[in-house]
Structure formats: structure tokens, C-alpha cells
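Features reported for this protein in Swiss-Prot:
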- Asn155: N-linked glycosylation site (CARBOHYD)
- 23-45: topological domain 'Cytoplasmic' (TOPO_DOM)
- 67-82: topological domain 'Extracellular' (TOPO_DOM)
- 104-127: topological domain 'Cytoplasmic' (TOPO_DOM)
- 149-175: topological domain 'Extracellular' (TOPO_DOM)
- 197-223: topological domain 'Cytoplasmic' (TOPO_DOM)
- 245-253: topological domain 'Extracellular' (TOPO_DOM)
- 275-299: topological domain 'Cytoplasmic' (TOPO_DOM)
- 2-22: transmembrane segment (TRANSMEM)
- 46-66: transmembrane segment (TRANSMEM)
- 83-103: transmembrane segment (TRANSMEM)
- 128-148: transmembrane segment (TRANSMEM)
- 176-196: transmembrane segment (TRANSMEM)
- 224-244: transmembrane segment (TRANSMEM)
- 254-274: transmembrane segment (TRANSMEM)
Amino acid sequence: MLSAGLGLLMLVAVVEFLIGLIGNGVLVVWSFREWIRKFSWSSYNLIILGLAGCRFVLQWLIILDLSLFPLFQSSRWLRYLSIFWVLVSQASLWFATFLSVFYCKKITTFDHPAYLWLKQRAYNLSLWCLLGYFIINLLLTVQIGLMFYHPPQGNSSIRYPFESWQYLYAFRLNSGSYLPLMVFLVSSGMLIVSLYTHHKKMKVHSAGRRDVRAKAHITALKSLGCFLLLHLVYIMASPFSIASKTYPPDLTSVFIWETLMAAYPSLHSLILIMGIPRVKQTCQKILWKTVCARRCWGP
């Protein structure tokens with residue numbers, strides 16, 4: 001018999017899953033639609049497609065983990081699921097980092113030679129970073145993942161894989177997150193500095209005029225700030241999620257921590273949609289038509 005608290009957590013998990021499924025699905029469809037309309041990929045569309053695709057997969061991985069771990073806690077398939085989870089999670093972080101770099105490149109205006117050099121080569125550097133990420137993380141996950149569910153303490157720990165020794169391996173598996181997170185913070189910091197500098201200039205020269213560039217700064221910073229907050233919640237909840245699966249597993253704790261983790265791929269998709277005017281208008285039209293149809297066909 002499920003408790004009321006556990007039932008509520010399951011309901012929240014289902015709602016988050018549906019929000020993430022619809023939100024990231026809308027972003028993927030919009031990216032492909034833009035490609036069909038223009039017959040070319042823009043860097044922004046590629047970033048949104050990669051980010052939404054990773055979030056879409058990550059949402060399914062969280063649901064699979066919630067569904068399978070009570071039944072197959074010592075299964076080898078969960079080891080593969082964990083390795084794939086780390087790869088998808090870090091790929092999502094890389095695409096979010098590329099988005100922050102894209103905003104920084106398009107909005108900020110600095111005259112420093114190093115900034116101008118990086119701005120001209122941002123696209124090529126991003127591709128090399130992504131390729132290097134896949135190679136390094138593939139080697140790292142193959143090396144560590146083979147031992148991830150085979151601790152050296154004997155047969156008893158093999159039966160219950162989520163023991164304290166695995167925090168070291170989980171830490172090493174997530175070590176690929178440090179570089180993109182640093183780049184993300186640097187580019188976000190540059191946006192803040194650029195906004196402050198631009199605000200000072202506008203205050204002196206253009207008082208009372210509509211400030212489009214400042215609005216672009218603020219919109220980008222809102223999106224990046226929400227992503228950073230949700231990602232930090234996701235990172236901090238991960239070790240507690242692992243700890244809650246130690247024998248005997250606490251199902252309520254598992255749902256609490258993984259529901260917090262699921263907020264990262266689901267809620268940020270809504271924030272991205274709100275920041276893209278055409279997608280936002282399309283979603284509003286679909287929602288309005290759905291409400292009207294429900295009223296027409298309702299009792």
C-alpha cells in the first residue's frame with residue numbers, strides 16, 4: 001500500500017516527465033522545422049537541437065532508473081544505464097555551455113584582442129571541445145564503468161552495488177563536468193560585465209530610450225541563471241539519490257531526490273521556450289486551441 005507522500009511524489013514525477021517530454025519535444029520539432037524552412041542549420045538551432053535532444057533522453061533515463069532499480073538493483077544493465085546517464089548528462093551540460101558562449105558572442109561587445117580572437121574561432125573551438133569530450137569521457141567511462149558494480153569487498157557488496165566506495169568512481173565519472181561548467185561561468189560572467197558596462201553607457205547617452213541590447217542581456221542571463229540553479233540542484237541531489245539506493249533502499253527518498261533531479265531537464269525546457277518568441281507564440285496558439293476545443297466538446 002502506497003503512502004500519501006509517496007503517491008504525491010509519483011504524481012509530481014509523472015507531471016515533470018510530461019512537461020519535459022512535451023517541452024523538449026517542441027524544441028526538437030522547432031529546430032527541424034527551422035532547418036526545413038531555411039534549408040540550412042544555424043549554430044543556434046544546432047545548439048537547441050542538441051540540448052533538447054539530450055534533455056529528452058535524460059528524462060527517459062530518470063524514469064527508467066525509477067522503474068528498474070527496485071527490480072534489478074544488482075543487474076548489469078543498471079551499470080550500463082549509469083554509464084550512459086553520465087555521458088548524456090555531461091553532453092547536456094556541454095550544449096548549455098555552447099548556448100552561453102553563443103549568447104556571449106552575439107550580445108557582448110569587448111575590444112580586447114583575446115576576446116576578438118576567441119569570438120572569431122568560437123564555432124571551431126566548440127566542435128573540437130565536443131569531440132574531445134566524447135573521446136575523453138568514452139575512455140573514462142569504459143575504464144571506470146567496468147568496475148562500477150564490482151567492488152573489491154567480496155560477494156556481499158556485489159549483491160548491493162550502491163556502497164560508499166562508489167562515490168569515488170561517481171566523482172571520477174563526473175569529472176568531465178568541470179571544464180564546461182567553468183566555461184559556462186566565465187561566459188555568463190562576461191555577459192554580466194557587458195550588461196553593467198552597457199547600462200552605464202546608456203544611462204549617460206540615451207536616457208529614456210528603449211534599450212534593446214539591455215533587454216537581450218537580461219533575457220540571456222535569466223535563461224543561463226535558471227539553468228545554473230537547476231543544474232546545481234541536479235548535481236547536489238545526485239549523491240543523495242545514490243545513497244538512498246543502498247540496501248535496504250528507501251523508495252520515498254529515491255523519489256524525493258530523483259524528482260529534484262528531474263526538474264533540471266524538464267523545467268529548463270520551458271524557460272528556453274519562453275525565451276524564443278516564435279516557439280512561445282506557437283505554444284500559446286496550441287494551448288489556446290486545446291482549451292477552446294475542450295470547451296466546445298466538454299459537458
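Every residue gets a Cβ built from N, Cα and C, even glycine.
Keep in mind it's a predicted model, so treat the numbers as computed, not measured.
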Is the topological domain 'Cytoplasmic' (23-45) packed against any residues at least 6 beyond its ends, judged by a Cβ distance under 8 Å, and which are they?
51-53, 55-56, 59, 102, 123, 265-266, 269-270, 272-273, 276, 278-279, 282-283
On average, what pLDDT score does this prediction assign to the topological domain 'Cytoplasmic' (275-299)?
72
